[in-house]
Amino acid sequence: MTITAAAPGPARRAVLRFARERTAMAALAVLILIALACLIGQGLTGHDPERAYPDLRQLPAGLTAQPDAEHLRPALERLAFRMRVRLDAVARDGDTLRLTLGSDAGVDRRSLAYLPRSALFGSPDILDERDGGRSLVVAVPIRRLHFLLGTDIQGRDLLTRCLVAGRISLAIGLAASLVALLIGVAYGATAGFIGGAVDAVMMRGVDVLYALPFVFFVILLLVFFRPSLLLMLVAIAAVEWLDMARVVRAVTLSLRERDFVRAARALGLGTPRIILRHIVPNTLGPVAVTATLLVPQVILLESFLSFLGLGVQEPQTSWGVLIAEGARSIEGAPHMLAAPAAFLIATLVALNLIGDGLADALDPRGD
Amino acid sequence: MIRFILRRLLQAVPTLLAVVTVSFFLMRLAPGGPFDLERPLAPAAMENLRRVYGLDRPLVAQFGSYLAALVRGDLGPSFSFRDQSVLDLIARGLPVSATLGALALVLATALGVGLGIAAALRRGGVVDRLLGVGAALTLSLPSFVVAPLLQIAFGLTLRWLPLGGWNDGAPSHLVLPVVTLALPQVGALARLTRTSLAETLRTQPVRTMRSLGLPPARVTRHALRGALLPVVAYLGPLAASLLTGSVVVETIFGLPGIGRYFVEGALNRDYTLVMGTVLLVAGLVIALNLAADLACAWLDPRLRAAS
């Protein structure tokens, strides 16, 4: 590299190096897409996440407009049963159905409201009335519904459910990682900066915690107290800050004797201020890498707990909850496992690749 | 060396004590008890049960007698499995979990280290390039997704392997759980091996050996000894995580291991069973970490001198 008047600083160089990592940039794009889809995509799928279509349960993923020919007849028969009428004739003309409804007691016109209420049909037009009201000919428009990823066991649109679930999974991943990050950075920087006996005791404590079967404790906590989002957040953060503390301590140890820290001390700054103003900002590189690799771990732990039924509870949903539902009905509807699992795995892979890319970009030997 | 081991064992005592204390009070302070059934018991019967199991005494006294029994090696009777002691249950569950964990460890190590060496020896080769994305991929495959997928592929569609169950450890029943456990670790081990070996191959002693004309296979063998240190250090926590990870695998495949006993114990408020399994896992974690450290010391004379 030639030295110019405005040579980019180390941070800028790291950003430039990261931008050159094609895998990591692709992963970043995928992650941003998933996050955006979860944030705003729910309104674009055309389905409410809670709206169930009882006639369209466990539809496979596909592009065909629903209800298709296969689902139309059973849906109509169920509706006719509820309307207490016979289906004397059914004729399809494009997107309109011509139904001849019959009933010995006379067709109750109010029961026609059942048709649009099923969400599969529009409002019917009465074309003809015969036999003094005992037979009715109506034209009903068929709605064209699309379920790109199919529907779940209650007939809810799986894509919409996945996007809503992703919001919770990502939010918990970020929030718990942030808490773990704050604890880890504060703990590690303090231990590393003070050093000596305090450091030995603090890091010995971390060693003890490492040896605890933490997953077991989190399960215990959630089984014995009622599972809630807050409790899970606390439990996950309590488990995941240890790596961060170790990383930050190691970096701090090397920073402690650097000239700018000595200068700050000579100027009479107190320990908390030095840690906050001079140590922590200089640990940002390794912290960013560790944090990026922490988020997928947290999301994985959340999904794991939700899968066991200990995490996110109905009516809220997360990818782990959807995967658990999918695993239960894997024989009849494998798409119910595949869809949320694909979202989860894509997110985790993207985060792991970004973390790897960051680590490479921040490695000073990379120049 | 003996002193090092003794010191580490001594350090394990406070850790185990912390495990016992935290899990004991965590469970007892939580609402619900082992005898809260769907149909409530008569108050007199409840009173009787609580007295028999010593639950009517003050919490601290109960804790004291649990510790006293623990020192004698007695983990107490199980609350939910009638007429069975926790030791009996562990004696039945541990072989299952240990078999799965050990096989998964061997499989993950063989595959991971093998791929890592292949990638390090041919930097930029096919294996090396695939490892970048492949490692991130295997790390991101949750066992609760892999397990049902394997079940549907090999159990339901191909009908090659049974869907689950233990069947006295018949090999066909072991394949799917072991693969599920091992898969996420292959990528991590491969990456660790590659980085470490690639770095070792760049060091001065290795370059000297090569320039002296040693055959490449001999050079690799020498370099591997040093390069495997971080891998061996990683195997300790890995073995531990294979044991804890077995909670999901044992649940999905219906295997009677300690992970299953733990979950059932927690759901049934079986205090002694939960304590027993948690203690066992904590003890195993400590023992496996110590074993990994000892193996490192054996591989690296510098560490031996330091300890």
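Backbone N, Cα and C atoms are what each Cβ position is placed from, and that goes for glycine too.
Sequence annotations record features per position, and here TrEMBL assigns domain 'ABC transmembrane type-1' to B:94-292.
Sequence-distant contacts of the transmembrane segment (B:12-30), counting only residues of its own chain at least 6 positions beyond either end whose CB sits under 8 Å from a CB of the stretch, comprise 59, 62-63, 66-67, 70, 269, 271, 274-275, 278-279, 282-283, 286, 290. Annotation source TrEMBL lists transmembrane segment at B:12-30 (among others).
Within its own chain, the transmembrane segment (B:96-118) is flanked in space by residues 125, 127-128, 131, 166, 169, 174, 177-179, 181-183, 185-194, 197, 220, 224, 228, 231, 235, 238-239, 242-243, 246, 249-250, 255-259, which lie at least six positions past its ends and keep a Cβ under 8 Å from the stretch. Annotation source TrEMBL lists transmembrane segment at B:96-118 (among others).
Taken from TrEMBL, the feature transmembrane segment applies to B:130-154 (among others). Sequence-remote contacts of a segment are chain residues at least 6 beyond its ends whose Cβ falls under 8 Å from one of its Cβ atoms, and for the transmembrane segment (B:130-154) they are 115-116, 119, 160-161, 163-164, 175-177, 179-181, 183-188, 190-191, 194, 245, 248-249, 252-253.
Annotation comment: TrEMBL describes B:174-192 (among others) as transmembrane segment.
Marked as transmembrane segment by TrEMBL: B:227-253 (among others). Counting only same-chain residues 6+ beyond the ends of the transmembrane segment (B:227-253), those with a CB under 8 A from a CB of the stretch are 96-97, 100-101, 104-105, 108-109, 113, 116, 120, 143-144, 147-148, 151, 163-165, 176-177, 180-181, 185, 188-189, 192-193, 196-197, 199-201, 259-260, 262-263, 281, 284-285, 288-293, 295-296, 299-300.
Sequence annotations record features per position, and here TrEMBL assigns transmembrane segment to B:273-299 (among others).
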